[in-house]
Each structure stands twice: as C-alpha cells, then as structure tokens.
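Below is one structure, written out as structure tokens; comments come after it.
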Amino acid sequence: MDSPWTLPTVLLCYGQLLPWLMTVGDQSLDEFYNETEAKLFLQFYEQTAQVVLNQFMEAAWNYVTNITKKNREDMLHKELERSQVMVYFGSRARLFKIAQFQDPAVKRMLSKLLDIGKAALPKDELWEYNKLLAYMETAYNMAQVCLDEGPCLPLEPDLQEIMANSRDQKELLWAWQGWRDAVGRQLRPIFERYVILSNKAARLNGYKDMGALWRSKYEDETLEQDLERLFQELKPLYLNLHAYVRRALHRHYGPISSITSTPLPGNMWAQSWVNILDLVLPFPKKPPEDITKIMKGQRWKPGKMFEEAEKFFTSLGMLATPPDFWKKSMLERPPDGREVECQTSAWDFYNGKDFRVKKCTEVNIKDLLSIFHQMGHIQYFLQYKNLSILFREGANPAFGEAVGSMVTLSASSYQHLLNRGLLSQQHQDSEEEVNFLMGIALDKIAFIPFGYMIDRFRWKIFDGTIQKDIYNQEWWNFRLKYQGLCPPIPRSEDDFDPGAKFHISASMPYIGYFISLVLQFQFHEALCKAAGHMGPLHQCSIYNSKMAGKILGDVLKVGSSKPWPQVLKELTGKSKMSSEALLSYFKPLLNWLVTENVQQGEILGWPDFSCSFPERRKPKAAFLSMELEPKAARSGQWVLLILCIIMFLMILGLASRLFIMEKQSANKDSSDNTETGNTSFLCVPMEPHQAARGQWLLLGLCLILMLCSIILTIRIFTWQN
Ligand SMILES: [Zn+2]
C-alpha cells in the first residue's frame, strides 16, 4: 500500500495546533474539556473540514466524470485524508463531557462528530475497504452487455431503453439476464468481504452491525416498527395495483408471462412500472398525450430542462442556483468519449458556492421530472449552506429525497403541464383522471415494496440472518414476499442479482427512498394547503405560491440542526410520518381499482404462490434422422452396435466356411472333375470363372459390411450428447 498516511497539511494550515493534540487521555485535564473549549474545538473543525471535504468532493467528481486510474488514485488518497480528519476530531470529541453542556447545538454537533463511520477502521483495512467500494461502484458503472455480433451496450441509455420500450420477451430477457451476468456475478465474491469490513467499521463506532449504523441516522428508536406500520397501511394500494397489472399483462402476453415473472417490461429492476402504462391503461380509448413527443417537437435540450426546474423553485420565491452550477455541472454525457458514471446525483462541495448535478440527460418527461428531483437536492444545499458543516444535510436522510419528489408531484400535475405548454388538451374528464393517476401509481405505488425490501434484505445480511451461501435465494424470497415477483429464468448462487442494483453495489442506504415516498405526499398536502389549493390533492400545483415557498425554505434552512420530528411538525403540523396524504392523493384510483378487481373476481396477493419454473423442454437426440428422447436414442445405438457385432461374426463365420468349402472343392476338383473342368460356388456347380466372380463379390460385400461395422462402432463410442 502506497499512501501518504500523514496528518493532512490542511490541518496545520487552517487551524492552530490546539492543546487537544497534547492532552488526549490526560485525566488531570478533564476540566479542560468544558463547553467554551468545545466551541473553539468546533470552530477548528469547521475550518478544517471545509477544506478537506471540498478537496475530497473535487477529487471524487473528477473521478466519476472522467474514470481513469490516476483519478481513482487521487480520489482514494483524498478519501484517506478525509477519514484521517474524521478520526482526529472524532477521538477528541469523545473527551468532552457532552451530557453536562447547556447549548443544544454544541451537544448535537459533538455527538455528530462521534460517528466517524468507516474511518474507524485500521488504516490498512480502510484502504482496502475504500478500494473495494470504488471497485464495486465502477464495475457497476462500466458494465456493458454485448450483442452476439455487434456493439456492447451500457445500462444508460441503451439497456434502460430496451427495458422501457421493448415488448419482446426474448429481447427483454436478453437485457435482463445480460445485465445481471455483467454486474452481479463479478461483485459476488467482493460483496462478502464488503459485508465483513462494513460490520467491523460499524462495531468500532459502537453499533452491532452496519444495518444498525445506517438506521441510527434516523435517531428513532421505533423506526422499524413505524416503517412496518406504514408498509401495512399502504399494502392494499399495492395489492390492488398488482392484481390489476397482473391481469392486464396476462391479457397482453398470455399465461406464460404474468407479473409473477420478471422481466416486466418497463424497468430493469421492476421498481417502476410507468413504462408499461400503454399496456395497462384503464381507459385505452383516452390515452394521455405523449409529453416526450411534445418536448421533442418543441426542441427541448438538457439545459432547458434544468432551467425549467430552476424556474419552478424561483417561482416559489426560493433561491436561484449560482452561475458555477451551470458551468461546472455535467448535464449530458460528455461527447469527447471519456468514461463517466451516468448515475444521476446532486453534489454539495461544502464551500457555500459550488453545487453541481451529474446526469446523462435524455430529452423525455422521465428525465425532466428526475431533474426536478435533483434540483430539490440543490435547493436544500443552497438553503442550509450557512450552517455548520455538521448540520449541512437533510433533517433525516429521507428529507432530501422527499423535497425534490414533492416538487415533481406539482410539476407533473395536469394543470402545471398545461400551463407550461406541455399539454394541449384543455380539460381532463374523470376517466382521463384515472388514467393520469394510473401513470403516477405505476411509478410511486409500484415502488412501495421495492423501496421497503432493499434495506430489510441488507439489514439481514449485515446482522448475519442471511448467510453468504444463500444471498441470491433470499433475494428472490424477498422479492416474492414483498413484490410478488419471480425471476424469469432459474437463478443460482453463482448469480448475485442484488448487486445489479446501483445502491447495493455503491453501498448506499435505500430505506430513505421508502420514507421519502411517504413524506413527499405529507409535504405536498401541507404546502398545497398553504398555497390555498382546494379540491383533490392530485390536482394541486404549488407553482408560484410564495407562501408555500416560504414555509418550505424555512424548513430547509435548518438542515439537520434539529431532530427531524420537530422539523416535520413545523412543515406539516404533525411530528409522525403518516400515509394519510398518499392514500388521499390516490383515492380516486384506489376506488376504481377495487371496483375493477372485485368485478373481475381477482384474488389480491399471491397466497401460497412460489416461484416455480416451467419445465424446461428436454433436449431431443437425433438418431438415424429421427428426433427421439435421449434414452431411446441411446438404446438404438446399442442395438445397432450389437447388430454390427453379430453381422461381423456372421461374416467371419461365412468367410471361414467359404474358405473350407473352397479347399475341399479344390481337392475334389483335382481328383474328380479334371475332365469336366467344372467347379462349384456355395455348393452350386458352375463354370470356374463364374465361381471365382461369386467369391470376389462375396468378399467385397463382406469388406463393405465390416467397414460399416467399424465406422458405426467408432461413432457409438465417441458419441457426445
Ligand atoms: Zn435524490
């Protein structure tokens, strides 16, 4: 290992070397660790962390927007420096008697410093862990699936497009299986080591495993029970959608392909079904307008899509992105051919002025809404940029996700799209409304069990309930249990299908997406009320509402400086997560689905269902131009062989008989038939020249038969099925 394991120079440049350096572990200096000193200590941290984090983010950005070996090394070194700073401050923060302090902000900041995450690992293992994480993420981002004769396709945009648009089961399966072969399989052996090191890091931070450390970010003792409650409340919505879509797909593809057998067309992980809206539209005679087509007709470009999202936030009176955002972001896949990571993400560079988005934007409505989501992250960064670095994060990890998604609820509302010139039809009747809600549900409701199960699965890996020899089997058990999905072809433990999902290969917690699904509707309902919206929730857009913007901005400004239930209460009036707003948003659709499913006599869910595979067509074997069962063909070969041997023996017998007869005949000829000059062949008297021809003919026949026997025998013993 070649790494500059020295205290980063920035520590010396930006902070004064404070007495804490010398006083670690000196019990007589307990008095020294008082609240006043703590404030100075935190100031010192602030100055140092700003520089170290900024440098790390720059190095990480350089790597993901230009994947080279050198950039990877640079990033890994900056990552080590960051870890070193975390260890330095984390170990000293422990010395303060936090419980005796008065200022809640000081207490909160110090307690945040205590959790140093993976930096707690011994330096060799930390280096190994960082390399392993970089490898997993890069392997995912660089993976391609190659056509037999032709180019290799990356996930974005090619494989995603096949999954979204193809309706051909064969092609879908090719992309589905190819992606898992390319990514999952190569990550499997590494993942086991990743789990070991993750858990070690977690234990060094005082948690029983990595799952517990991830959950601790929610500062919620009852998190798991609360999530289970929410999941159960939302389940009827999913089950009704599942039953309806299952039937619609059955209608389209026939009994072989039902929803219980991925690949569902539409999405590589079946986490969103929005791309199969055309197959399941409740009122197919009233199809929604094709917004992507309208965008393309209006010559939208990626830049314009970002400006559109920016406009939404400024219409609320919120902050505009600084000029650097537009200069430094990666809004499209670079045309110069360098390798980049296309996974969409928003970046805070911790200097209060540099914020960026990385996205390989394509002009379509899905990407437009995804940009609204990313700009929600950027807005959060902008709002809390003046806080301590320790508070520059969402109130909990799900808040950041919820803000952007909440805005997309407004941005995708019928009225808003109409106002922005992305729809032309002036009115929506009740049937069109059900169609519209179906489109949203295929994205949001289909995601409920997926968002919930990903981390429940990983928590069980981290706590050892799921052992490494059954990773893939358990993955599919989870997918069946929660989503009612089966793999389209048999899977084995050589496969590692969870690794084919970005957040698993990139070691990013996922439960925040489930929580944000619930929160975004809670936020939406509260802000719609503030904006004075009357009528059904799905018709609301908060665009232009300064009041909604003010409430939202005030909440974003506090970052994670307060416990999230308090922040939630300021925004919604309630401190508990609730599924009520979501259920109310989808009420018209749920009513329609329930009626439809009852009418069709649908059974909700998949009771007693297990993933079984249609018996594979047994391969047929060819035998003398006939297609036979392999067993029958083998028997035929043996019969042939025995026949050959019998023939061979018969020929041998006949030949020797002939030889004896000829000899006897010759003896007899010399004594009896000298006068006549006649001879015999096979006891038939004939002219000598006729007998000689007959003998040669017989010998030729024998030779041909012997040759046949030999060829058949060789073929039989070299037979391969
Ligand atoms: Zn996000």
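Cβ coordinates come from backbone N, Cα and C, glycine included.
Annotation comment: TrEMBL describes 1-23 as signal peptide.
The N-linked glycosylation site annotation in TrEMBL covers N66. Over all protein chains present, the Cβ of N66 (N-linked glycosylation site) has 16 other Cβ atoms lying within 10 Å.
The disulfide bond annotation in TrEMBL covers C146-C152 (among others). Counting every protein chain shown, 11 other Cβ atoms lie within 10 Å of the Cβ of C146 (disulfide bond).
Other Cβ atoms within 10 Å of the Cβ of Y218 (chloride binding site), summed over all protein chains shown, number 20. As annotated by TrEMBL, chloride binding site applies to Y218.
TrEMBL lists C342-C360 (among others) with the feature disulfide bond. Counting every protein chain shown, the number of other Cβ atoms lying within 10 Å of the Cβ of C342 (disulfide bond) is 19.
Around H377 (Zn(2+) 2 binding site), the same-chain residues at least 6 positions away in sequence with a Cβ under 8 Å from its Cβ are A346, G400, V403, G404. Annotation comment: TrEMBL describes H373, H377, E401 as Zn(2+) 2 binding site.
Look at TrEMBL and you will find H373, H377, E401 tagged as Zn(2+) 1 binding site. According to its DSSP assignment, H377 (Zn(2+) 2 binding site) is helical.
The feature disulfide bond is assigned by TrEMBL to C528-C540 (among others). Residues near C528 (disulfide bond) in space but far in sequence (CB under 8 A, at least 6 apart, same chain), listed by position: L537, C540, I542, A548.
The annotation transmembrane segment is assigned in TrEMBL to 638-660 (among others). Proximity of distant same-chain residues to the transmembrane segment (638-660), defined by a Cβ-Cβ separation under 8 Å and at least 6 residues beyond the stretch ends, is recorded for 682, 695, 698-699, 702, 705-706, 708-709, 712-713, 716.
Annotated transmembrane segment per TrEMBL: 696-717 (among others), in sequence order.
Other residues of the chain with a Cβ within 8 Å of the Cβ centroid of H373, H377, E401, the Zn(2+) 1 site, are A346, Q374, G376, G400, A402, V403, G404, S405, S516.
Considering only the recorded positions Y218, C342, H373, E401, the residue whose Cα is spatially closest to the Cα of N66 (N-linked glycosylation site) is C342. The least crowded of the disulfide-bonded residues C152, C360, C540, judged by other CB atoms within 10 A of its own CB, is C152. Among the binding-site residues Y218, H373, E401, the residue whose Cα lies closest in space to that of C152 (disulfide bond) is H373. E401 (Zn(2+) 2 binding site) falls within a helix when secondary structure is assigned with DSSP. There are 22 other CB atoms within 10 A of the CB of E401 (Zn(2+) 2 binding site), with all protein chains counted. In the three-state DSSP assignment, the secondary structure recorded for C540 (disulfide bond) is coil. Neighbour count (other Cβ atoms within 10 Å of the Cβ, all protein chains): 23 for H373 (Zn(2+) 2 binding site).
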